[in-house]
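Below is one structure; the comments refer to it alone.
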Amino acid sequence: MKTPSQPRAIYYIVAIQIWEYFSFYGMRALLILYLTHQLGFDDNHAISLFSAYASLVYVTPILGGWLADRLLGNRTAVIAGALLMTLGHVVLGIDTNSTFSLYLALAIIICGYGLFKSNISCLLGELYDENDHRRDGGFSLLYAAGNIGSIAAPIACGLAAQWYGWHVGFALAGGGMFIGLLIFLSGHRHFQSTRSMDKKALTSVKFALPVWSWLVVMLCLAPVFFTLLLENDWSGYLLAIVCLIAAQIIARMMIKFPEHRRALWQIVLLMFVGTLFWVLAQQGGSTISLFIDRFVNRQAFNIEVPTALFQSVNAIAVMLAGVVLAWLASPESRGNSTLRVWLKFAFGLLLMACGFMLLAFDARHAAADGQASMGVMISGLALMGFAELFIDPVAIAQITRLKMSGVLTGIYMLATGAVANWLAGVVAQQTTESQISGMAIAAYQRFFSQMGEWTLACVAIIVVLAFATRFLFSTPTNMIQESND
């Protein structure tokens, strides 16, 4: 019997997903280098801005999802988000010497990312009935598409920026998003079954004006608001407010469902360890990128490899790790039992620690010989990428076993995305030249060593905890969703 093919609309979603990842990760690979090289920001300022931007892009999808659910529909939200991200890159590329253009461009991209990121997966979900067996394959295709974009982006945008200038690198990132949008719009006839804008809600009157007019005002003011946050380094205050709200939600869950309190505490612990992991992993876009730019010998075949290209190593490692992880989870490889959740977490952190130890070794080599080894750096980054698939997929798999998985997944993403990126900036400032004047290489060596040592200590704690409490993640059956939910 022939297996039904995927809906035609999925290929347009996959196309825009590839180009969105290309746009986002292309610009991200250039950002810290652009701030320090072109605009002359010191390390402290550059890392603070980079971490603020990286954290805020994980806050706005909450609002973007709400707007799509209440007013816009997923398809319209995706289109609006893609347009805003394209506009943001255009603003960034017009004047690469203006700090105001920088802040405004990042703010526009943050708003666009919020509308796009939270709704592209929801739009894909609309293509399937609840029990459609093609659903898992569709989401796997979407995930693979993202990896293609994130691998290609640092290579293409990095080479463009090095050969033709920053404005070309940013233009390429924005152009990719625009190409993805055009492909997506060309398939509009395949999205007839998806939810459209709620015209009745948009034309209803609230506070003396139609709702659509308030929406326009909000879309115009939001970039101004985020520009102020970035320019004045106020993002931490917004993040603190959002985290307090998230903590209150979990506390109310514990009060409302006392029988679930133990499982909720376990999820909170997962969030804590996941956040720790991503504080370390997000050093790749700031501290590690600056180290590569300044101290790694990037000559290969008489060509200087652009620093941005190293951002592709992580994505390549994630794809390769997916194959290995699938093998580990297969029935043939389980042995006596499936690897326990906390041992998987410990293994992921162990790989991260080994990666940082390799970086510390490379920094020591640079201190002695003047330059670090590109091969050692790539090996360290690959280990860090490999570690990723032992953290997030494991945590999400456990969270989604619970009845209140939607809210908890959102809070987990907030913790490991927004909070981790902001804290990563705080941690990274240990290496800033303004704090350790004239001893940059020593600062990097000490930083990488400390990160590796602290992570190894966390691994030891988690392993002891896992063996000391045999049923650490045994969950009451009434917490777990029924199989037919």
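Cβ from N, Cα, C; glycine included.
Annotation comment: Swiss-Prot describes 1-12, 126-140, 186-208, 256-262, 329-340, 397-406, 468-485 as topological domain 'Cytoplasmic'. For 13-33, 47-67, 103-125, 141-161, 165-185, 209-229, 263-283, 308-328, 341-361, 376-396, 407-427, 447-467 (among others), the entry in Swiss-Prot reads transmembrane segment. Per Swiss-Prot, the feature topological domain 'Periplasmic' maps to 34-46, 94-102, 230-234, 284-307, 362-375, 428-446; the stated evidence is sequence analysis.
For the topological domain 'Periplasmic' (34-46), the DSSP-based tally of helix, strand and coil residues reads 8 helix, 0 strand, 5 coil. Between the transmembrane segment (141-161) and the transmembrane segment (13-33), three or more CB pairs separated by 6 or more residues in sequence fall under 8 Å, so the two stretches touch.
A Cβ distance under 8 Å defines the sequence-distant neighbours of the topological domain 'Periplasmic' (94-102), meaning residues of its chain 6+ beyond its ends; these are 34-35, 38-39, 165-167, 170. Nonlocal intrachain contacts for the transmembrane segment (376-396), taken as residues 6+ away from its ends with a CB within less than 8 angstroms of a stretch CB, comprise 270-271, 273-274, 277-278, 280-281, 284, 288, 292, 296, 310, 313-318, 320-322, 324-325, 341, 344-345, 347-352, 354-359, 361-362, 365, 409, 412, 416. Tallying C-beta pairs under 8 angstroms between the transmembrane segment (103-125) and each of 13-33, 47-67, 263-283, 407-427 places 47-67 first. Per DSSP, the topological domain 'Periplasmic' (362-375) is made up of 10 helix, 1 strand, 3 coil. Here the topological domain 'Cytoplasmic' (1-12) returns a mean pLDDT of 71 for the predicted model. Under 8 Å from some Cβ of the topological domain 'Periplasmic' (362-375) lie the Cβ atoms of residues 291, 295-298, 300, 305, 441-442, 444-445, 448, all in the same chain and six or more residues away from its ends.
Through the fold, the topological domain 'Periplasmic' (284-307) approaches residues 28-29, 31-33, 36, 43, 46-47, 50-51, 54, 158-159, 161-162, 314, 359, 362-363, 366, 371-374, 377, 381, 384, 424-425, 428, 431, 440-441, 444, 447 of its own chain, all at least 6 residues removed from its boundaries and within a Cβ separation under 8 Å. Through the fold, the topological domain 'Periplasmic' (34-46) approaches residues 96-97, 99, 102, 161, 166, 286, 290, 293, 429, 431-435 of its own chain, all at least 6 residues removed from its boundaries and within a Cβ separation under 8 Å.
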